[in-house]
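As recorded in Swiss-Prot, the features of this protein are as follows:
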| type | residues | note |
| --- | --- | --- |
| ACT_SITE | C186 | active site, thioimidate intermediate |
| ACT_SITE | T188 | active site, proton donor/acceptor |
| BINDING | 26-27, K78, 129-131, 180-181, M269, 285-286, 314-317 | NADP(+) binding site |
| BINDING | G181, G183, C186, R189 | K(+) binding site |
| BINDING | D219, G220, G221, G242, G243, G268, M269, S270, R286, A287, S288, E289, G290 | GMP binding site |
Amino acid sequence: MPRIETEVRLDFKDVLIRPKRSTLKSRSQVDVQREFRFLNSKRTWSGVPVIAANMDTVGTFEMAVELAKLEFITCVHKHYTPQDWATFAAKHPDVLPTVAVSGGSSAADVEKITAILKSHPDIRFICLDVANGYSEVFVQAVRNVRSAFPEHTIIAGNVVTGEMVEELLLSGADIIKVGIGPGSVCTTRKQTGVGYPQLSAVLECADAAHGLNGHVISDGGCTCPGDVAKAFGAGADFVMLGGMLAGHDESGGDKIEINGKLLKKFYGMSSSEAMKKHNGGVAEYRASEGKSVTVPYRGPVSGTCKEILGGVRSTCTYVGASKLKEISKRTTFIRVSQQLNEVFGRAPNEQEEQVSKKQKTG
C-alpha cells in the first residue's frame, strides 16, 4: 500500500545559515583544503573538495588542466576515447592524479575504464555514474570494479537515502554521489516524479556515510557560492558542480552569438541532445530526462572558481570556522520563507559582467 512520509524535506532555498561568534579577522585565514583517507582504496587525498561534473560541457580535459591548478578534482566525461586519453596524458601527465575516469555500469563502459586505467596508472579516481544508483545491477558493477581495482578510489552514484549509501560503501565504493533531480538541466523529477530535496538528502546521506568512515559528494542543486557553503555545512565532503562551471572557455563547445551576446550550450547527459549525439537518438522505451540550454559566456573558469571559494571562505568567517573541515560542526540551519531582497532583480554574476564589458570595449 502506498504511504506518505509527513516530515518535510528541505532544499538549499529553504534555509539560511545562522551566524555565530567568530575570532577570525579575515577570510584569508580560512583553510579550504581538506585531507581524506578513503574507506576501501585506503588512499589519502588532499586538496580543495570541489569537483567538476562528468558532463560533456563541464568535465573536459581543458577543465581538468585549469582546475588542477586550484587542486580541484575533475570527473572527466565518459565520451573521450582511449586515444584521446593517451594524447591528454602525454601533454599533461601532472594532471592525471586530479581526474576521475567516468563510466556507467555496462560491460562496454567497464571495459573502456579498464583499458584507460591500465594505460595510465597515475589516474587514481574512478567515477561510476548512473541515473538510478538503486539498481542491483549497479551495485554488482561497483563490486566488480572494486575487485578489479582494489587500490583506486571509487566514486559511485547517484542515490539520496542512507540505506543505499551504506550498501554502496559496503560493496566497495569510497565516495557516494548524492542527488536525484536537483541539477539545473535535469528533468528527472518532472518526467518521473522521483527525487529528494538536496539539503535533506545530503544531511541524511552524510550521516550514514560517516558512520562507516565513508564520504559523500553533494551533486547538483548549487546555483551560487552560498549553496556550495550550505552543502558543506550539511556534511558533504565534496561538492560537485555542473551549471556553475558551464559557459567558460574550458567548458567545451563553440561560442554562439545571439543579439550581440556570447553564449555557450549546456545540456544534461540524459537530454535528447546528449542521446542524439552519443547514442543516435532517444530509445523508444525511454524519455529524455534532461534539457539543453544556452548560458552566458563567462570567460576563464578560474574567475568563477575564485568567486566560489571566496563565498565559502566568507561563510566560514560568519560561523567561526577557521578550516573548511569545521564548517559542518559550526553550522545551524534556520528555515526561512524568503532568502533574498530582489527589488532590483538578480545580482549580476561578476564574471559575466567582466566578459560583457570586454565585448563592448572590444
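Cβ atoms are placed via backbone N, Cα and C, with glycine included.
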Please list, in sequence order, every residue of the chain apart from G181, G183, C186, R189 whose Cβ lies within 8 Å of the Cβ centroid of the K(+) site.
G179, I180, P182, T187, T188, K190, G195, G220, E289
Which binding-site residues (S26, V130, I180, D219, T317) fall within 10 Å of the residue listed as 'active site, thioimidate intermediate' by Cα distance?
I180
Closest by Cα to G181 (K(+) binding site), out of the recorded positions K78, T188, D219, G243, G290, is T188
Ordered by sequence, the long-range same-chain Cβ contacts of K78 (NADP(+) binding site) under 8 Å (at least 6 apart) are N54, V101, S102, G103, G104, D109, K112, D129
Need the DSSP three-state call for G183 (K(+) binding site) to compare against my parser.
coil
Between the residue listed as 'active site, proton donor/acceptor' and V130 (NADP(+) binding site), what is the CA-CA distance rounded to a whole number of Å?
13
Counting across all protein chains shown, how many other Cβ atoms sit within 10 Å of the Cβ of the residue listed as 'active site, proton donor/acceptor'?
22
D219 (GMP binding site) falls, by three-state DSSP, under strand
Per DSSP (helix/strand/coil reduction), G290 (GMP binding site) sits in strand
